[in-house]
Amino acid sequence: MSQVTVLDGGFATQLSVHVGKSIDGDPLWSARFNATDPNAVFKTHLDFLEAGAEAIMTNTYQASIEGYTEYLHLTEDTSLNLIKSTVRVAQMARNHFLAKKADVPPTIPLLVASIGPYGAHLHDGSEYTGSYSSDVSEDTIQKWHRPRIDACLEAGVDILGIETIPCKMEAEALLDMMCEEYPTVRFWISFQCKDNLHLANGELFSEAVNSLWAKARSRRNPNLIALGVNCVHPQIVTPLFRSVNEKKPLASRIPLIVYPNSGEVYTVEEGWQGKEDCVPLEHYVPQWIDLGVRFIGGCCRTYARDIKRIKQAVNSHGNTNHHH
């Protein structure tokens, strides 16, 4: 694996190019299109691959059994099959991309299952606060995650991208589960943070990351490939990552992952605002790589064109800084 892997961008954002409307406010976001318009899902994956993404994430963030039974009125079996077919659409996009390339690319793009937080199915915004961490047990969280993880692994993914996790307790529950039940599966854990020091529910980011990394090491689990943040304002990333890696010697730095939002800000009343004030994400790439970032992509409001620019920035940084 090259030093830095470029991820894809905001799935729902790029999907809107193909379905012609904004998906904000739909309780299933882009997950509905797995059932109604898989071709648009396929094209969205392909856009990111063609932009240079070295990993693509399945469109399963919001795809919970509860969500599909409640909003699409599917049975549990049908919901699980829909999750599997969603993974297969991503596989088809990867196969199509590879078949079109006459020369064999040096790396086959990774297929990552998007595993969003427990709070995402509650539709009360608690994925952004982690308020459930005090009243839901580790066991309940694991039970909720298990069917989707199993479905994604059965369908065939390379990595589980555990993402937008708002609280340390859910991350620990998932780490324990990965070590005990899925000891050969590679995964990352990426947090939702509320400011430049704290997880969404107020815990220190550095403390959570250091303790999870130490725990994975003590369990002899080599498959936790990175820890980090996603779905956050890009401005808070550097201080968050400094709090983890700045004082560590290079050899003991924790591999980090980041796929932030564009820098626009979302409110229910106004939608996304502030495009003209955004610093392009590729501007941050050198400082992030210097802090130990190994995976970089985008989340909300990032398009395939943003991934293309991130990839260029990663490549040019790699060519100038061999000492890292």
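Even glycines carry a Cβ here, placed using N, Cα and C.
The feature domain 'Hcy-binding' is assigned by TrEMBL to 1-314.
According to TrEMBL, the feature Zn(2+) binding site maps to Cys231, Cys299, Cys300.
In sequence order, Gly10, Thr164, Asn230, Val232, Tyr259, Pro260, Asn261, Gly298, Arg301, Thr302 are the same-chain residues whose CB sits within 8 A of the CB centroid of Cys231, Cys299, Cys300, the residues recorded for Zn(2+) being left out.
Scoring each of the binding-site residues (Cys231, Cys299, Cys300) by how many neighbouring Cβ atoms lie within 10 Å, the top position goes to Cys299.
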